[in-house]
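Down below is the structure, laid out as structure tokens.
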Amino acid sequence: MEDYILKVEELNYNYSDGTHALKGINMNIKRGEVTAILGGNGVGKSTLFQNFNGILKPSSGRILFDNKPIDYSRKGIMKLRESIGIVFQDPDNQLFSASVYQDVSFGAVNMKLSEDEIRKRVDNALKRTSIEHLKNKPTHCLSFGQKKRVAIAGVLVMEPKVLILDEPTAGLDPMGVSEIMKLLVEMQKELGITIIIATHDIDIVPLYCDNVFVMKEGRVILQGNPKEVFAEKEVIRKVNLRLPRIGHLMEILKEKDGFVFDELDLTIGQARKTINSWKNKIFND
């Protein structure tokens, strides 16, 4: 039996101006895995995330966290936000304290933990995100990538079960993208945290994500593992997305250059293995 940490049932959300942002969303998020939410701008990804941790309340339908409907009382929402943390796309919207230590400790202080526990959690969060050396640095002196790590540490300090990140790789150079994604996967594997990301960086999805949901106009139109989702090439392109670059290359080799592949590979490692297998078969024949 599958273990789902979040279950979304017929979720609808309407903004006060009448915008119907989410339309009958049904979604199950597996515990302890990395899930990607894909879709163009304005499809409802951020609205969905804000429903996940109680910033917004569904117009209809419901969300279950740990198999229990979300409790929208003040106490229930405070508890929920300790368990489901959000890291926004722009860390400047999340950092507001004078120093890194003050900012990272904010959530733990609000939980009314003891000073010793706060210090312990902050030190652990700083170590986990590899920013111990920035502990006393003013937040306004940080690079964009450093600010991203501080924002993640500020959520980690509350020891959440779910970490939601809106465009975690936006604004980062290639090395920064690789480092931040490896950090997230490390936390998922070592701490058992469920990671949910919204991203336009298609190439990271087959490398780091276990499950994928594709949204269009407030609805989920595709779901599955990366190979299952990107196999639906026409649907992917109709919603203004694309295949991962390696997947596109393998598609071209098959359709235009006579290569014979059983399935669409999406990563360099997968493609190398398939091409070597094809090459060996040709030479042996």
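Every residue gets a Cβ built from N, Cα and C, even glycine.
According to Swiss-Prot:
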| type | residues | note |
| --- | --- | --- |
| DOMAIN | 6-242 | domain 'ABC transporter' |
| BINDING | Gly39, Gly40, Asn41, Gly42, Val43, Gly44, Lys45, Ser46 | ATP binding site |
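Averaged across the domain 'ABC transporter' (6-242), pLDDT for the predicted model comes to 96.
Neighbour counts were taken at the CB atom with a 10 A radius for the binding-site residues Asn41, Ser46; the maximum falls on Ser46. Counting Cβ atoms from all protein chains shown, Gly39 (ATP binding site) has 25 others lying within 10 Å of its own Cβ. Surrounding the centroid of the Cβ atoms of Gly39, Gly40, Asn41, Gly42, Val43, Gly44, Lys45, Ser46, where the record places ATP, the chain contributes additional residues within 8 Å, namely Ala198, Met215. In sequence order, Ile37, Gly39, Asp166, Ala198, Met215 are the residues near Lys45 (ATP binding site), counting only same-chain partners six or more apart with C-beta under 8 A. Of all Cβ atoms in the protein chains displayed, 14 besides its own lie within 10 Å of the Cβ of Gly40 (ATP binding site). Take the binding-site residues Gly42, Gly44: by the count of other Cβ atoms within 10 Å of each Cβ, the lowest one is Gly42. Sequence-distant contacts (6 or more apart, same chain, Cβ under 8 Å) of Val43 (ATP binding site) comprise Met215, Lys216, Glu217, Gly218, Val239.
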